[in-house]
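The Ni(2+) binding site annotation in TrEMBL covers 83, 85, 89, 133. Among the features that TrEMBL reports, Fe(2+) binding site is placed at 83, 85, 89, 133.
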Ligand code: KMT
Ligand code: NI
């Protein structure tokens, strides 16, 4: 896993877009944003974590032109729309690679920017409910990921809007964020 500021420059979303500006402390940044990250070579560790957090469901998704055919490009663009979920989101990468971008800092402030998390096999992240984020494959156009759900799969993305900004899950996330 590699974590860096997204450079915001034009170009395909699947390019690395790594800003030359270094993040002073990646562990501090992730913990400020309430993001948990692990590297688990064995699925058994994922099973343990899922059990500890009372996760009951999971599925495996392959995002690639081979697996998705004509809808691949559309899906990749949809995943890249800035959104949040009302539940936390656990993703464990089984094969391939891709980018999860998360919003850092307070909304509207100078500090609100995209942080890119480059993930590959064995990497796991827990994104808290209410954090704005987006996903894209990288230039290899292939990722196989396990998605874990506490209860029924409920991965409806709520795309960023004035209305979603006032969602209670967003408000709760922000109040935790603004305490740090
Ligand atoms: C998301 O939240 O956009 C996704 O889970 C993307 C698919 S998982 C690689
Ligand atoms: Ni999501």
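Glycine is treated like the rest: Cβ placed from N, Cα and C.
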Open item on the list: I'd like to know which of these binding-site residues, 83, 133, is least surrounded, judged by other CB atoms within 10 A.
Closed with: 83
- [ ] For residue 85 (Ni(2+) binding site), list the number of other Cβ atoms lying within 10 Å of its Cβ atom.
- [x] 18
Open item on the list: Residues other than 83, 85, 89, 133 within 8 Å, Cβ to Cβ centroid, of the Ni(2+) site?
Closed with: 84, 127, 131, 132, 155, 157
Open item on the list: Return the count of C-beta atoms lying within 10 angstroms of the C-beta of residue 89 (Ni(2+) binding site), excluding that atom itself.
Closed with: 20
